[in-house]
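**Q** Feature annotation from TrEMBL assigns transmembrane segment to 23-46, 58-77, 89-118, 138-156, 196-224. The domain 'G-protein coupled receptors family 1 profile' annotation in TrEMBL covers 39-230.
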Amino acid sequence: MENITEVTEFVLKGFTDNADLEILSFFLFLAIYLFTLMGNLGLIGLVIGDSRLHNPMYYFLSVLSSVDACYSSVITPQMIVDFVSEKKVISFVGCAAQMFLAVTFGTTECFLLAAMAYDRYVAIHNPLLYVVIMSPRVYVPLIIASYAGGILHAVIHTVTTFRLSFCGSNEISHIFCDIPPLLAISCSDTHINQLLLFYCAGSIEIVTILIVLISYGFILFAILRTHSAE
């Protein structure tokens with residue numbers, strides 16, 4: 001009988017094996033990460049500290065900033081450490097956690113951008129009723145639904161991906177534990193996973209992009225109609 005050894009850790013191959021490029025990448029991505037983090041945290045602090053910004057648009061912006069900061073923090077620190085590490089390894093559990101969080105925050109960001117597009121549509125189309133329409137009863141559930149959608153999407157992919165067998169190579173050709181590179185090294189049948197990735201991720205992208213495009217299309221139409229009336 002063939003002896004099969006399950007993978008207990010993964011190796012993240014990253015961008016390059018060139019030592020000079022890795023040092024350059026370390027400082028470059030560290031600077032980008034710190035600027036991103038400071039910018040997002042600064043915006044959150046500004047919204048919290050200034051009562052004039054306590055309205056739905058800035059609440060959405062602060063939540064989006066927090067999600068963006070979390071998404072960056074899930075991926076970038078590990079990547080930065082790997083640039084200066086000889087062993088670019090991540091544990092099986094750590095890889096699952098990273099993928100779950102990355103999918104959660106990435107999907108949540110898509111839903112939030114769609115919700116923000118709708119918020120801007122309401123503000124332009126019904127400025128006098130904006131505060132009434134976009135009350136806490138509306139924008140709070142939209143934010144919660146965005147997080148819930150992100151978590152549900154992440155649970156589906158994390159559970160189905162890490163139920164697969166990884167008994168061959170443990171080298172992931174990527175900078176973090178993303179779904180396609182993990183499916184590529186699995187020794188199980190990944191047909192169902194490929195379908196889930198195509199339909200779930202594809203549907204989310206199409207729906208959110210359509211909401212954004214339609215909302216901003218109506219905004220543009222409203223602006224043009226206002227200029228024509230003048």
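Keep in mind that glycine also has a Cβ here, set from the backbone N, Cα and C atoms.
Are these features on the surface or tucked inside, and what are their neighbours?
**A** Remote same-chain residues near the transmembrane segment (23-46) are listed as 15-16, 53, 61-62, 65-66, 68-69, 72-73, 76-77, 79-80, 83-84 (criterion: CB distance under 8 Å, separation of at least six residues from the stretch ends).
Within the same chain, residues 56, 59-60, 63, 99-101, 103-109, 111-112, 115, 118-119, 196, 200-201, 204 sit at least 6 positions outside the transmembrane segment (138-156) and bring their C-beta atoms closer than 8 Å to a C-beta of that stretch.
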